Amino acid sequence: MSELTTGRFSISDLDNVQITINNIVGAIEKQSDDIDVEMGPTVKPGVSSLRDWDHNILDRYNPVYTPMCDQCCYCTFGPCDLSGNKEGACGINLEGHNAREFMLRVITGAAAHSGHGRHLLHHLIGLYGKDHPLDVGATNIIAPNVQLVTGVQPKTLGDLDSVLSYVEEQITQLLAAIHVGQEGAAIDFESKALHGGMIDHVGMEISDIAQISCLDFPKSDEEAPLADIGMGCLDASKPTLIVIGHNVAAVTDIIDYMEDKGLNDKIELGGLCCTALDMTRYKTGDRTLPRAKVVGTLAKELKTIRSGIPDVIIVDEQCIRADVLKEASKLMIPVITTNDKVMYGLKDRSNDSIEDILEDLTTGKEKGALMFDYVKLGELAPRLTMMMSEIRKQKGIKALPTDEELKELADSCVHCLKCEVACPNSLPISEAMTALSEGDLSKFELLHDKCIACGRCEYACPKDIDIVNVIEKSSQRVISEEVGKVRVGRGPISDPEIREEGVNLVLGTTPGIVALVGCSNYPDGTKDLFTIADEMLRRSYIVVVSGCSAMDLGMYKGEDGLTLYEKYPSRFKSGGLLNTGSCVSNAHITGAVIKVASIFAQKNISGNYEEIADYTLNRVGAVGVAWGAYSQKAASIGTGCSRLGIPVILGPHGSKYRRALIAKPYEEEKWKVYDARNGSEMQIPAAPDYLLTTAETVEEMMPMLAKSCIRPSDNNMGRMIKLTHYMELSQKYLGIMPEDWYKFVRTETDLPLAKREKLLKILEEEHGWEIDWKRKKILSGPTMKSDVSAQPTNLKRLCKEA
């Protein structure tokens, strides 16, 4: 090889020359700007780096498994019967197998988010370049999850690339452990699941800060505009384009084309699932009204298609029904897929002319097309929508049954109840069919909101009744009135908001953060979300929402005719209701907790995961609720919260994830921590007494929310406020005083002021506490001391004597 020499050359006379410089050999890395930043002990942790922390919390919060079957079918040695403590051919037992199953769910969810992030980041770098600056609003901590886990403080799109490579590497290593003949211990499968959950929050954060920075989304904006939501907000008389999925990359070109051609008032543009939320965020950074409407969640997909309203459907990725193409083609609705994760067997038309594609789709020669060229898609989708609207009208495409057909369907029901057995929520379909036969639509109108439109009832029906169609036809009146408001996703919580509220959260005077996240698999419709949020907002909790929960919360109105978004401020403060955005914006919720530790407590967060998780568990009153969780992504989001010390409550369907993390409050030794001031042991309250659990009803969950926000660091005012809510919610929803309320009392000033004397009497008579009645003071009885200067920690190394 010849030796390289120095020299010069000129390109001034050359045309069409492009020079690309990647990494310059010997150049000082840009991160040298942060050379003085102190790094924690776990920068870019591997699978085993935080194992000690995981084992620490798993020692208190024990895994509880609820297997769906006793078999393992992973390899050709099997299937193996693991019941009765038997081992499979590879040596694994039922505990280990179920831990492995849960871990697989978690890393599947993490892969979905990081795959989304990789696709989106690649797309945005192609449009804006690696040097495009990151801007998420008023903050010095742009990416708290990224910084906490990797130590990287990203400033440009290019900085996110290496972090995402780290995420992808970790997911690969975790997936390798799933293979037969690898890990065998349940506790280490659990540790790996927790690692996958943590990694998921990094992947989500990358996805959202990239799109916020490039697509003119609101940036930590508490005054983000309101968007229309609901099937009733669509004007069915116009050509209608519906987008389904979670990745907004393809849709932005459609919105731009429609705006450039003056089509905003001529075409209805609506979305389902998180793409809908991100469509409303696009180009609303200046508080411009959204250009799109939100139709609803996954539970509205089949309903929307069966309505016949869409003229064209675009899908991207995640939470999309596998039968969209089949259902849409019945009604002559072309489907365009835009992402390699969902292709439906369609031909790739990315290199074909728009005219040829229009010809094939409008004539019905093809049911749909695969399109990776988003600029071409931007023109194709609106033009196709307008053409298909006319064609479908001319052909008289009929979707829902007529009134006469509806009566015939109801009369054909034999009331075998097979539909109700198949229904995930056991909805009273047979009773509604009887009422419909008598001309009463009200029973089905009630079922419309509760039906998740999974379609299982139709496959169970021996009379082949399209039950979803019956529900929707019977509910046309309520559907037409289904018009709500949802706050456009505001993005992260700003530094000024954290500075203002951090001290109140740690001391307990703001009783806590309640995060309503996750999917739409609710046991009793969307009203449950309204009930939860309204109750906690009235009690001055901070309520943060995202994804499907954020959408469905806007579907219900109170007696005043307003949604909660219209009643409560969108600021991170006591009594605030914040919509952070789509699924990937969940990272901003954990990010806010991390920022509390950094900004209020002045903790170093760079590569310092264990200490911040310890701080969260002991000091920050926060609880997550995934009331309708259904997906693997919901499992990974919740597990990431668990590792960070944030407890999560799932709805009744959450037991199908097959694993919970539940502590035993009566094991007093498990409820001791160190006081970092001197290393001495201190007793703490048994709260939270789970990191992941399920609740059967809203009534059961309500007092759990208040209890889950109690922390050892509460001052007397904070503990009094939290204990008041815990006791009142238990009495309101369960009709009883909580059995363990007295265990959270350290001194008389912890007691609710209005009931202090009555409660002191109960403490004396029923629990044997000694009371000085003259001064109304507790002399003896509490197992914990009130010491607001105490510094509770699970980590011995953080104690001063260490």
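Glycine too: its Cβ is placed from the backbone N, Cα and C atoms.
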Among Cys214, Cys319, Cys641 - the residue Swiss-Prot places in the same [Ni-4Fe-4S] cluster site as His246, Cys274, Cys519, Cys548, Cys583: Cys319
Further [4Fe-4S] cluster 3 ligand in Swiss-Prot, beside Cys413, Cys416, Cys419, within candidate set Cys451, Cys454, Cys461: Cys461
Cβ neighbours of His246 ([Ni-4Fe-4S] cluster binding site) where a neighbour is any other Cβ within 10 Å: 27
Mean predicted confidence [pLDDT] for the domain '4Fe-4S ferredoxin-type 2' (442-473): 97
Listed binding-site residues among Cys72, Cys80, Cys90, His113, Cys461 whose Cα sits within 10 Å of Cys583 ([Ni-4Fe-4S] cluster binding site): His113
Output field, [4Fe-4S] cluster 4 shell: CB within 8 Å of site CB centroid, site Cys423, Cys451, Cys454, Cys457 dropped: Cys419, Ala422, Pro424, Asn425, Leu427, Ile429, Ile452, Ala453, Gly455, Arg456, Ile467, Val468
Residue pair Cys73 ([4Fe-4S] cluster 1 binding site), His113 (CO binding site) - Cα distance, angstrom, rounded: 27
Spatial separation of Cys454 ([4Fe-4S] cluster 4 binding site) from Cys548 ([Ni-4Fe-4S] cluster binding site) - C-alpha basis, Å: 16
When distances run from the Cα of Cys457 ([4Fe-4S] cluster 4 binding site) to each of the binding-site residues Cys75, Cys80, Cys274, Cys519, the nearest one: Cys519
Nearest recorded site to Cys519 ([Ni-4Fe-4S] cluster binding site) by CA-CA distance, among binding-site residues Cys69, Cys75, Cys413, Cys419, Cys454: Cys454
